[in-house]
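Below is one structure, written out as structure tokens, with a few remarks after it.
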Amino acid sequence: MADPGAESEPLLSGARGGGGGGRDCPAGSPGCRGVPVGPGAEARRALCFDQAVVFIEDAIQYRSIHHRVDSSSLRLYRWYYSDACQWILSLTIFLILFLAFIETPSSLTRTADVRYRSAPWQPPCGLTESIELLCLLVFVADVSVKSYLVGWAEFWKNLWLQAYLLVLVVSLLDWTVSLSLVCQEPLRVRRLLRPFFLMQNSSMMKKTLKCLRRSLPEMASVLLLLALHLCLFTMFGMLLFTGEKKDDGQAQERLTYFRNLPEALTSLLVLLTTANNPDVMIPAYSKHRAYAIFFVVFTLIGSLFLMNLLTAIIYNQFRGYLMKSLQTSLLRRRLGTWAAYQVLCSLSAEGGAAAQGVGVKAQDVLQVLHKVQLAGSHKQAIVEKLRSYGGDMMSADEFQKLFHEFDKRVIKQHPPRPEYRSPFLRSAQFLFSHRYFDYLGNLVALGNLVSICVFLVRDADVLPGDRDDFVLGILNCIFILYYLLEMLLKLFALGLRGYLVFLSNVFDGLLTIVLLNFLHKWDRRSHLQSLAGDPEAPYQMTVELLFRDVLEEPTEEELLAELSHHPHLRLRR
């Protein structure tokens with residue numbers, strides 16, 4: 001076991017080596033060194049490998065590395081972010097949100113029409129409350145683990161964690177009140193707080209709310225102009241439409257849309273969305289065409305200028321925040337890989353690699369990669385690139401470039417097709433595996449759909465029991481036989497594995513097996529294009545690669561500055 005006090009010591013320290021490799025790694029690390037031989041050295045070496053593994057996984061998932069890095073915390077950290085634990089958390093969020101459909105007053109009925117709707121099922125007191133308590137206990141465990149992993153100092157900096165804890169306290173208190181009143185309380189405050197659990201667990205929602213908060217100052221100025229525009233034209237309209245005769249167009253306009261200030265304001269607010277256009281101006285327009293100028297000017301200024309200006313501000317704010325979010329994600333990825341490199345550097349220095357050259361051992365990187373939770377395709381690509389470097393030591397630049405493979409989305413290679421010796425069979429295989437054969441199937445499916453629609457329109461006035469479906473039944477049998485033949489020919493051309501690799505083929509096959517009469521074919525993944533300029537590269541364009549020319553790579557000084565603020569990973573110059 002690692003020394004409990006190891007975390008309080010600087011993990012990375014020592015003079016940054018001289019000569020040509022001074023920019024690569026430190027000379028030593030008390031967090032991973034300190035015991036040259038013996039069981040303690042093996043424990044510290046294992047700790048360094050675990051730290052490097054977690055830092056690389058943080059880089060893959062764009063997570064912050066500001067968490068505890070001792071051995072027990074790392075095990076808890078990896079368990080928390082495992083697929084099983086995250087699946088349980090997602091299921092808990094779904095359950096607590098789904099309770100709204102079965103709790104009193106329940107809306108889970110067969111029909112929404114009050115004339116035919118039967119009385120909804122009323123769950124007994126304590127049933128839904130028990131499920132809710134179970135969900136709340138899972139959230140309590142979630143916030144406890146998160147708070148422990150980030151540390152007390154980081155907890156007070158994280159407003160989401162503080163709000164998470166506050167919402168849980170209020171929910172548990174409200175749950176206690178519900179049981180004490182035997183589920184007869186008039187108001188349940190915790191129901192209003194349930195969407196927070198979804199927002200707290202979604203990074204995309206957090207980013208959206210943060211962007212909205214930053215956009216409010218600029219949006220407020222345009223909204224103020226919009227309110228002034230609305231109030232000005234409301235008062236002007238009430239002064240303009242003041243007819244006295246009931247059959248007068250002005251009087252009809254006033255009585256219908258400008259009777260008082262609230263109704264006039266509401267009418268113009270609806271007109272701002274063009275929902276009541278041109279109904280709102282018809283009474284006045286019927287008396288004189290010139291009255292239309294009032295509504296046209298209002299619409300031009302409000303809908304075509306101010307509303308478009310508001311849309312442009314929102315778009316510009318979200319576009320700017322998108323670039324900033326991508327830049328932050330890039331920094332987190334580079335920072336995670338840099339921290340892993342620094343940890344592995346200490347192992348290389350301990351093993352006497354400083355005499356051979358500065359960097360990390362390729363075998364250490366390979367050992368770390370085997371422990372990292374990563375998709376098999378990405379792991380294979382990184383291992384192949386690692387082996388292509390050659391040599392025993394890797395510099396910082398080579399280590400960072402190694403993990404650029406994360407920015408690429410590897411396209412799944414299709415299984416090999418069956419090989420036939422007969423020229424006739426090979427020609428048939430080429431024909432039935434061509435995309436034009438898929439187009440023919442789509443055309444036949446469209447004909448099937450058209451035939452069904454034609455018969456439905458023709459027999460629209462005939463009761464279902466009086467319809468003669470003999471011809472339609474014959475056509476359906478013909479279409480079904482074609483679908484079955486198409487499935488068999490594709491199995492012949494692609495093989496079983498090649499057929500099942502496309503979801504569209506699985507969909508078509510299932511529909512054919514159950515003899516359904518509707519066929520939907522669309523496989524957007526069957527013709528993916530390779531990266532521009534590299535037709536052999538089995539990668540798909542990602543957001544990171546799309547904005548690579550715009551985003552700025554963080555410098556070594558920036559990465560070191562970020563690492564120096566790590567609460568549990570301190571650098572000593």
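Keep in mind that glycine also has a Cβ here, set from the backbone N, Cα and C atoms.
What TrEMBL annotates here:
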type     : residues : note
DOMAIN   : 89-318   : domain 'Ion transport'
DOMAIN   : 434-516  : domain 'Ion transport'
REGION   : 1-25     : region 'Disordered'
TRANSMEM : 79-102   : transmembrane segment
TRANSMEM : 123-141  : transmembrane segment
TRANSMEM : 161-183  : transmembrane segment
TRANSMEM : 222-241  : transmembrane segment
TRANSMEM : 261-278  : transmembrane segment
TRANSMEM : 290-315  : transmembrane segment
TRANSMEM : 439-458  : transmembrane segment
TRANSMEM : 470-493  : transmembrane segment
TRANSMEM : 499-519  : transmembrane segment
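Through the fold, the transmembrane segment (161-183) approaches residues 104, 125-126, 129, 132-133, 136, 139-140, 143, 146-147, 150, 155, 189-190, 193, 196-197, 200 of its own chain, all at least 6 residues removed from its boundaries and within a Cβ separation under 8 Å.
Between the transmembrane segment (222-241) and the transmembrane segment (79-102), the number of CB pairs under 8 angstroms, six or more residues apart, is fewer than three, so the stretches are not in contact. With a cut-off of 8 Å between Cβ atoms, the residues of this chain six or more beyond the transmembrane segment (261-278) that come close are 226, 230-231, 233-234, 237-238, 285, 295, 298-299, 302-303, 307. DSSP labels the residues of the domain 'Ion transport' (434-516) in these numbers: 69 helix, 0 strand, 14 coil.
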